[in-house]
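The block underneath contains the structure these notes are about, expressed in structure tokens.
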Amino acid sequence: MASSTLICNTEPWKDLKAHVDDIKKTHLRDLMNDADRCKSMIVEFDGLVLDYSRQRAFQDTIDKLLTLAEINSTEDRSVLHVALRAPRDKVISSDGKNVVPEVWKVLDKINEFSERVRSGSWVGATGKALKDVVAVGIGGSFLGPLFVHTALQTDPEAIAFAKGRQLRFLANVDPIDVARSITGLNPETTLVVVVSKTFTTAETMLNARTLREWISAALGPQAVAKHMVAVSTNLTLVEKFGIDPNNAFAFWDWVGGRYSVCSAVGVLPLSLQYGFSVVEKFLKGASSIDQHFYSADFEKNIPVLLGLLSVWNVSFLGYPARAILPYSQALEKFAPHIQQVSMESNGKGVSIDGVPLPFEAGEIDFGEPGTNGQHSFYQLIHQGRVIPCDFIGVAKSQQPVYLKGEMVSNHDELMSNFFAQPDALAYGKSLASQVRKQLNVSRTKGEPVEGFNYSTTTLMTKYLEAKSPIPSDPTTVKMSVAELKERHLTATTTVNGLRDRLRQKRLLLLDTDVSAYAKNAGRSAVSFGQTDLVCCRTLQGHTGKVYSLDWTPEKNRIVSASQDGRLIVWNALTSQKTHAIKLPCAWVMTCAFSPSGQSVASGGLDSLCTIFNLNSPIDRDGNLPVSRLLSGHKGYVTSCQYVPDEDTHLITSSGDQTCVLWDVTTGQRISVFGGEFPSGHTADVLRVAYPIYSSRYLIHFIVSNHWWRSSPALFWGILCVSINRSNSKMFVSGSCDTTARLWDTRIASRAVRTYHGHNGDVNTVKFFPDGQRFGTGSDDGTCRLFDMRTGHELQVYYQQHGDNDVPTVTSIAFSISGRLMFVGYSNGDCYVWDTLVAEVVLNLGSLQNSHEGRITCLGMSTDGSALCTGSWDKNLKIWAFGGYRNVVSP
Ligand SMILES: O=P(O)(O)OC[C@H]1O[C@H](O)[C@H](O)[C@@H](O)[C@@H]1O
């Protein structure tokens, strides 16, 4: 029924228009922090998981949009392409007639015909079987079939069915396309399928005549009957063209050309190539989504939601384009297909009455498979314009590749990009600042402050449920991802509630912090003279970013670990390198010196802790051999520390959410802390929910130099440990779950205490010299001092930075007395805090010879006379205390 009321004059539209201002006040990061909202924006159907929480919309927005949803009330035409894939017994009527039997009549005919051709019982003019097919058609008579063909071409089952056969397409009237489509083909063994709904489209008809000539010239005009068939609604013109009407496959006016892939348009050429049984699966998949569309409530209805979000983005928020980004090369032709489906349908500038629309309708669709697009137009999406994106990922690869020695499979590498990109877009502001930092420039005019891009992600998990790619992992659960995510969100809400109550109780007990107390007592900040702390050496030698360092008391030596895949042992007094150790796995994250100085340990993405005895003879290749491998972690090793005064014991922390105490001599695990245990760092259902896309990606990205982090919600690894020098049975760990935990090595089963306060990953922990307190540093930009026994947060150390971006804390160290705390930040600053009055007394980042990149690690020499810092600038620096006695004594 035609309507003369413009939709923009209806109440729901006006309501939505007013709603735009509300949403514009809210940053996506804040939307993402709302757990209930995010939970409500995940929909799952038949192994498809749609997450639209990164769209610029409240739940309220969706409710309002739903009031707009109506199906084709303006055109008075049947929209019946769904009948093309309906089961035989379904009744779908057009003009009072059930069309499903007609549909199946054609499908049966295709089944029978394609079988005859494929089996060789249908032969060409010279008696040879037809093994190749050229499908001639354009627009909807080309793009859908091409898309499905491209997707099936790498599917193992489809490959088997297509053995020895070729399917080619001819669309463009350009003779080059003709040449391409027939090069190498023999007319004797080729079948031409002319596909045209109208059988009048100029390009298709010229191309059809051209191939008719190709066949007649080679085999005579009578050969056309055996070598050319047609798909059309216009059987009269088919016959006129010279194709036997018995060899024509019909479809109907109620199928829009752009939606015709499920008709003979797609089914015939695809069945000739792959057999009808393969194509029938495609039809069943489409039918399953039809059922979902019909039966699911609109608020859980994937097609409805995607459609409404498109209206919201284009017509209300004013974002004209949408990027379609399948992380699957098999879906390479999906964007061109959708371009036609969407842009040929929706891009009208006037109403049905010819009235110009006072709003934009229809979006500009474009896209490329990831990761190709990342090296092309993503720059604009990340740093320039708002372009909502549709990310599509496939859980299991059609063609898996696992390379020996590689950390992740090739498909996992692809999927790590799929998971990382939506967050990189959503948390645009920090991204912008990261980029700026990488380029070492300050905020420039015009750079977006609000960051910024919106996306939906669709993960096709079907394979995952049927057959897990990691069968050995017992946590590959039977529950759906959505269920697990829901469980996680419920658990998180409960935990947050309890945490708040705990915080309130603690605050009641704690009436002051250290600095207020100290200031009341008349204490003032330590003052630094110009020569009190100076950079006296730069240790140059690494060719990659430095990630970790450690001192040994013995002869003031330092070991450093770098992205160049080496450990270097330095003499801090002379800057000489005594060892350069090539690591078996270059993805190193941490290193430690043994107390005696005899050995060094390293850990990283290989989930191993590797020990080298510095006195071992060099092997034939000139490398220091591995003296012990500590193997047992199921995730990357984030930090390691020797137990004080014991070369034989070492503690590691890992992305698998555990810490392990090792016997270095035997290589055995003495105790495992956390993980499966109830009081470990959030032994979270999410870990179970994402058995495949586990935390290794997070680190993979950090280490591999990408500037973004993948979704923090997915990863809960332990990032750091510090052992108490005063009582080496106690150690603390810091984790992605924003907590620090105290462990007693005699009680592995549970943490002694959990310390809350941070709002981001706890990247670094360090015991205070008195062994009664410890400091933490976090992604939230703060350091905190906790009382070990009471669990009280004694002090927060935070200083407002020049711009609005909060640099993360990467590393901390205390002076001998604890009066000073040295803190490395992601922006290259290195503050010296007076811990007593909570003031910054010096910034090493502003001194001469300071680092030129992120500070990643720092450490005090054992005698407290020097500080070493390591940075992304590939260097380490030694800072010496001129006024040493003044600053290290209270
Ligand atoms: O299938 P045909 O009749 O040859 O039409 C081919 C194409 O022609 C036009 O471009 C229409 O806009 C398309 O929707 C259609 O798919």
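Heads up, residue numbers simply count up from 1 along the chain you see.
Yeah, the Cβs are placed from backbone N, Cα and C, and that goes for glycine too.
According to TrEMBL:
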type	residues	note
REPEAT	539-580	repeat 'WD'
REPEAT	630-672	repeat 'WD'
REPEAT	755-796	repeat 'WD'
REPEAT	848-879	repeat 'WD'
Residue distribution over DSSP helix, strand and coil in the repeat 'WD' (848-879): 0 helix, 16 strand, 16 coil
Folded-back contacts onto the repeat 'WD' (539-580), same chain, C-beta under 8 angstroms, at least six residues removed: 586-597, 600, 602, 604, 612, 614, 624, 639, 641, 703, 705, 853, 856-863, 866, 868, 870-878
Three-state composition of the repeat 'WD' (539-580), taking helix and strand from DSSP: 3 helix, 24 strand, 15 coil
Counts by DSSP class (helix H/G/I, strand E/B, coil) across the repeat 'WD' (755-796): 0 helix, 22 strand, 20 coil
